[in-house]
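Please read the structure below before turning to the comments.
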Amino acid sequence: MGCRKFTTFFLSSLLNSVDGRGDLPLDLALRDQQTSLAKTLVEHGADLNAQDARGWTLLHCAVERGDSFAATFLLEKGAGAALRTPGKGDTALHMVAALSPDTTDGRTLAALTEVAAVMLSGGLDPNLQNKQGYAPLHLAVKSRNAQVFSLLLQRPNIDLNVRTEPGHGALYYALLAEGEGPFGEDSFAARLVKQGANANPVYPAMGDSLIHIMAREDLEEQGLFLAEHANNVNHVNAQGQTAMHVACERGLAKLVAALLNAGGNPNLQTLTASDAGGAHRQTPLHVAIANRNEDAAHVIIDYRLNYQCQKGNPKAVPIPNLDVKDSAGDTPLSLAIRSGMQSTTENMLKAGADVNVRNGKGLTLLHQAILNKDSKMANFLLNCGADMNALTSDNETPLELCIQCRLPDVVESLCTRGVDMSIPDKDGCCPLWAALASDQEDIASILVRNGADTDCWGAGPDGCLQSLLHKAIDENQESIANFLIRSGCDLNAPRRQGPNGAGGDEAHDLQGPLHMCCSWGLQSTVQTLVEHGANVNAKDAEGHTPLHIAIQNQHSSIIALLLCHPSIDLSIRDKTGLSPFASALTVRNHKAAEAILDKMPNAAEQTDNKGRNFLHTAIQRNDSESVLFLLSINVDVNSRVNDANQTPPLHLAAVTGNDVLVRSLFLAGARPNDVDAHKRNALHVASEAGHANIVSACLSNGVAYDAVDSAGDSALHIACREGHLQVVRTLLEESQLNAETMNLKGQNPLHVLARHGKDNSSAICELFLEFMPDYPINKADLDGNTALMLAYMKGNGNLCRALVKAKACIGSMNKDGVTIFNYQVTTKQLLYSLLNHLSEEPPWAEGDLCLDCGTKFGFTVRKHHCRHCGRVLCSSCSGQDVPILKFNQKKPVRVCSVCFDFLQVGSS
């Protein structure tokens, strides 16, 4: 027994081993169809399921080479039909199902189909799936193997909806395999559906149905087939999309129509959780328009138009709602307008879409068309009754948007329909200003032509009211200003007070547009204003005309332009009395002054309200440039101020201290000895002002130095009165004047000096004595006062001491009987100081009375003199004797009581 077992084992191993080429004995016998040998091999232990080097069984190998004989033998002998290849996991049935009629001859395919039938009859499960999830049915459909396909459909346990790894059923492959159809009743797809396959299976991953898949892959015919047979055409995927959404996205118009006819709901909206990142809650119509698929959109629109015809359709869907808004607030109509799809827009409006519906941004369709710069669409909407006064969420009108988007055609349409052209924008600007400010004169012209207010008064600086012309000028917008002027705006109105009197200076300055242009230098606008009749002589609150303003701001071109106007009035004066010519001189605009003189030769002779002409005022301002200009145009250099003083120009110049002005006047022909109403000449005036340089100039140009004024004062009198030391020196040095001349009060210059008591009067006195050592310092005036007496009355100690030092008589008495000894003062300190300054016996005073007691001298009363002060006294009043040691008089001499006491006790 042991030997037999060993022999059997050895034989079996030998029968199941491969040769050098990898072939098995049983396989070789079956290839040659050696039935008896094959049976013998099987009887003696040959393995029916033996595998080759690839791991394939003999059955797999037989099917692979199309050997139906071998396959049938193996199956009859009990070979395993369910065994799989190691690579793909295919059974022999999978391999037979995958055979294509295009690559396999008919006899072989028919024979192998019989083999497949044997396998199925033997109990093989027809739904077995390989490693990719393919069942034989999938492979038969893919390879268009009709024989195996029919065989499988006959199996009662066939699963028509089994899915591959990608999730596809046999119907999916049937639709792909048959291309664009037609999908007749004999087609794989039709037979599957008829057999009970799900016509619209759902894919779990994204929730797409098979129609979604077909539509997304642009397989419209396949989609049409499915729509005809499916009963779930409104299935939505994870994004809330129906197959109709996908068809609209891909532009499959026929599929959209088929879905509608199959009961597809055109009003379903996508979900909020969208992967697209854009708007959601969109209907299929939204999607079609968003993807610019007009044909698909028109299908839905036409369905609405023809909805009455669908009443007999058992699958009739709800009427398409054309006004549904997506998450962005857009309706299909607003999307179409924004996309410029005019035909779609027109069709929707015909179908009843709301022409005034707003999107999520608060924009009506008209707003959107304008913002898209689609003039044709905007006009179309207006013709369809769109609200032309509807405001955006930012309170912008359609007219305002048209101006922003530069759409003159739409502006014209709005205006002809009577749109309100006065509504201001958020910046307070009216439409006309907005158009002009953006350089759109074409639109501005349309607005004006249709009655827009060219003034459009509104808020100005500090709350005042201003017109558009004021605003344009104030912002230096000449092109805008010129347009407004040409369009008939108010040319002369000034700004006004705002509500409740609001407004700063601008509300009260009464400056019209022409004034403002002259201030800013806007020549072009000035010219346009003048050409259109603006008032060139208008006055502002200060009485300034536009010409005044132009002159003050040195705008020569504007000045020339205004002077050319035939109606210009050059005699108008402002509130300060200045004419345009005077203003020109005031600001030293000599070029303008010359131009005015060319227009009005006597302009330079005009006088102000004080009687001064321009030469006078220029001199008083010390304006050498203007004076020289006036002299160059040969004004009257001797013209007097027309007032009570009758002052000549030379006198005015002398006051300034500007010797250039004075000498220029002399060179221009000023009369040196002209006097004013007080008979003062230029030398008097210069002396009074203290200008030594002017005094010198007058003397060198022949002004009479000895001339006296109406008070009899000479120039030296006046210089002494005012205390001008340098003027006195100049007069004494550079002229031969008579320094002893008396005025009407009988006073010489020294009297005047003493009477007015300036601080430097002592220095002037010393100057007198320097130039005139023999000057009559003791000369009395008409009241009998000497210079010393006047100085003492003024308390001018320095001058008194200077006079005493010059040997002035200290004992003289005036006509009122007053001497320095009896003049009522608080203290006698100055008197004692003067007595103390006596270094020698002073000149004796003469008189008919005793200067102390007042006794009249006669035969019985003799005259005596105090040998210390020189006063004339009676014997009683000079009865004391005392030596005067400071006079080197050691012998006692007669002195008055005052001097006696002084000499005894001193000045203390």
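Each residue, glycine too, has its Cβ placed from N, Cα and C.
Sequence annotations record features per position, and here TrEMBL assigns domain 'FYVE-type' to 844-904.
Annotation source TrEMBL lists repeat 'ANK' at 21-53 (among others). Cβ atoms under 8 Å from those of the repeat 'ANK' (21-53) belong to residues 8, 11-12, 15, 59, 61-62, 65, 67, 69-70, 73-74, 77-80, 83 of the same chain, restricted to positions at least 6 beyond its ends.
What TrEMBL records for 54-86 (among others) is repeat 'ANK'. When the repeat 'ANK' (54-86) is classified with DSSP, helix, strand and coil residues number 16 helix, 1 strand, 16 coil.
Across the repeat 'ANK' (132-155), DSSP classifies residues as 15 helix, 0 strand, 9 coil. The feature repeat 'ANK' is assigned by TrEMBL to 132-155 (among others).
Residue counts for the repeat 'ANK' (239-271) under DSSP, split into helix (H, G, I), strand (E, B) and coil, are 17 helix, 0 strand, 16 coil. The feature repeat 'ANK' is assigned by TrEMBL to 239-271 (among others).
Using a Cβ-Cβ cut-off under 8 Å and counting only residues 6 or more beyond its ends in the same chain, the repeat 'ANK' (328-360) has close neighbours at 279, 283, 285-286, 288-290, 292, 294, 297-298, 301-302, 304-305, 322, 366, 368-369, 371-372, 374, 376-377, 380-381, 384-387, 390. As annotated by TrEMBL, repeat 'ANK' applies to 328-360 (among others).
The repeat 'ANK' (361-393): residue composition by secondary structure is 16 helix, 1 strand, 16 coil, according to DSSP. According to TrEMBL, the repeat 'ANK' annotation covers 361-393 (among others).
Note on the repeat 'ANK' (509-541): residues 469-470, 473-474, 476, 478, 481-482, 485-486, 491-495, 547, 549-550, 553, 555, 557-558, 561-562, 565, 567-569, 572, 574 of its chain, located 6 or more positions outside it, place their CB under 8 angstroms from a CB of the stretch. Annotation source TrEMBL lists repeat 'ANK' at 509-541 (among others).
For 542-575 (among others), the entry in TrEMBL reads repeat 'ANK'. Taking Cβ pairs closer than 8 Å, the repeat 'ANK' (542-575) reaches residues 509, 511-512, 514-515, 517-519, 521, 523, 526-527, 530, 536, 581-584, 587, 589, 591-592, 595-596, 599-600, 603, 606, 608 in its own chain, all 6 or more past its ends.
TrEMBL lists 645-677 (among others) with the feature repeat 'ANK'. Mean per-residue pLDDT, taken over the repeat 'ANK' (645-677), amounts to 92.
Marked as repeat 'ANK' by TrEMBL: 678-710 (among others). Sequence-distant contacts of the repeat 'ANK' (678-710), counting only residues of its own chain at least 6 positions beyond either end whose CB sits under 8 Å from a CB of the stretch, comprise 645, 648, 650-651, 653-655, 657, 659, 662-663, 666, 672, 716-719, 721-722, 724, 726-727, 729-731, 734-738, 741, 743.
Same-chain residues lying 6+ beyond the ends of the repeat 'ANK' (711-733) with a Cβ under 8 Å from its Cβ atoms: 678, 683-684, 686-688, 690-692, 695-696, 699, 705, 739, 741-745, 747-750, 752-753, 755-756, 758-761, 763-764, 767-768, 771. Among the features that TrEMBL reports, repeat 'ANK' is placed at 711-733 (among others).
The DSSP breakdown of the repeat 'ANK' (783-815), given as helix, strand and coil counts, is 17 helix, 0 strand, 16 coil. The repeat 'ANK' annotation in TrEMBL covers 783-815 (among others).
Packing against the repeat 'ANK' (132-155) from elsewhere in the chain are residues 88-89, 91, 93-94, 96-102, 109-110, 113, 116-117, 120, 126, 162-166, 168-170, 173-174, 177-178, 188, 191-192, 195: each is 6 or more residues past its ends and has a CB under 8 Å from a CB in it. Distant neighbours of the repeat 'ANK' (783-815): 745-746, 750-751, 753-757, 761-762, 765-766, 769, 777, 821, 823, 825, 830-831, 833-835, 837-838, 840, 842-845, 847, 849, 851, 866, 869-872; these residues of the same chain sit at least 6 beyond its ends, with a Cβ under 8 Å from one of its Cβ atoms. Within its own chain, the repeat 'ANK' (239-271) is flanked in space by residues 206, 209, 211-212, 215-216, 218, 220, 223-224, 227-228, 230, 233, 280-285, 287-288, 291, 293, 295-300, 303, 313, 315-318, 320-321, 324, 326, which lie at least six positions past its ends and keep a Cβ under 8 Å from the stretch. Broken down by DSSP into helix, strand and coil, the repeat 'ANK' (711-733) contains 17 helix, 0 strand, 6 coil.
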